[in-house]
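Pulled from TrEMBL:
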DOMAIN    32-78  domain 'HNH'
REGION    63-94  region 'Disordered'
COMPBIAS  77-86  compositional bias 'Basic and acidic residues'
Amino acid sequence: MTRSVPEWIGKTDDAKVPPRVRARIFDACGGVCHLSGRVIAEGEPWELDHVIALVNGGEHRESNLRPALRDKHRKKTAEDVREKSQIRRTRKGALGIKKSRTITAWRGFDGRIIRKGRER
């Protein structure tokens, strides 16, 4: 069966999700938080979560959004950022990109050069 309404796709990653799309996603998921599996009560704060986070290559579109309780969503967002950072560090190492050098010499206020050996 084809969709009667076209899928919403954000023009940018920062585009706000329209209220009609929020309601459509909430109804499609039966009002259940996709992170905890608990029914979201009326008046309880909830947000839309990207199943595949934007920082990890996900898209800002209706099919990648699910309702999530605010506190659970914040925890997942922190985990997504941690995962992205770990992937970036691993990738930099695999590509041979080194860390920037630490400063080993500088001028003091009196003009003399102060040297410090690199510690590993």
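One is the number of the first residue shown, and numbering goes on along the chain from there.
Note: Cβ is positioned from N, Cα and C throughout, glycine not excepted.
Per-residue pLDDT, averaged across the domain 'HNH' (32-78), gives 95. Using DSSP to sort the residues of the compositional bias 'Basic and acidic residues' (77-86) gives these counts of helix, strand and coil: 10 helix, 0 strand, 0 coil.
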